[in-house]
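**Student:** First, the structure itself, so that you have it in front of you.
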């Protein structure tokens, strides 16, 4: 009985594979042209009251070799919703915001590892954003961070953002950073 059942199951499996059809519609595709876009804006990171745009959400209880008087000691985690503007003046035209997190990841050299979505809320890029996931050595006046993605007009973007510290208050951590971004996208 068991032998016959095995033969019947094998027979049905063979028929299923022989008669089963896989349907797929094949369409010719023409690759889209790669587009290069250059963006320029200012990022305002404010840690101080009365209206902070970045807040400390976790801080280590103790770290070795770290300066505890730093506004972002090693191991600190921050959430941010920072405004993006056309100019360095905080009152200049707002074009979007940067939302995400960064962690103080440099034990001896002040460094942030950031993952931030830069969303644009006005102009021709309204509703689009770029994603940055990179190391940011904040004591260097000029540095680069990697653009690893995007959405909207910047779908599948990749590129680099060159950062230039326009202003920084080393006591409280407030900063204004100029971004020059080169994007490659479709």
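Any Cβ shown, glycine's included, is placed from N, Cα and C.
Keep in mind that what you see is a predicted model, and the values were worked out from it rather than measured.
Taken from Swiss-Prot, the feature N-linked glycosylation site applies to 67, 126, 169, 180, supported by sequence analysis. Among the features that Swiss-Prot reports, signal peptide is placed at 1-20, with the record citing sequence analysis.
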**Student:** Under 8 Å Cβ-Cβ from residue 169 (N-linked glycosylation site), six or more apart in the same chain: what's there?
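**Tutor:** Same-chain residues close to residue 169 (N-linked glycosylation site) (Cβ under 8 Å, separated by 6 or more) are 175.
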**Student:** In Å, rounded, how far does the Cα of residue 126 (N-linked glycosylation site) sit from the Cα of residue 180 (N-linked glycosylation site)?
**Tutor:** 18
**Student:** Give the sequence-ordered list of residues that share a chain with residue 180 (N-linked glycosylation site), lie 6 or more positions from it, and have CB atoms under 8 Å from its CB.
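**Tutor:** Expected: 38, 39, 40, 161, 162, 164.
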**Student:** At a 10 Å cut-off from the C-beta of residue 126 (N-linked glycosylation site), count the other C-beta atoms across all protein chains.
**Tutor:** 13
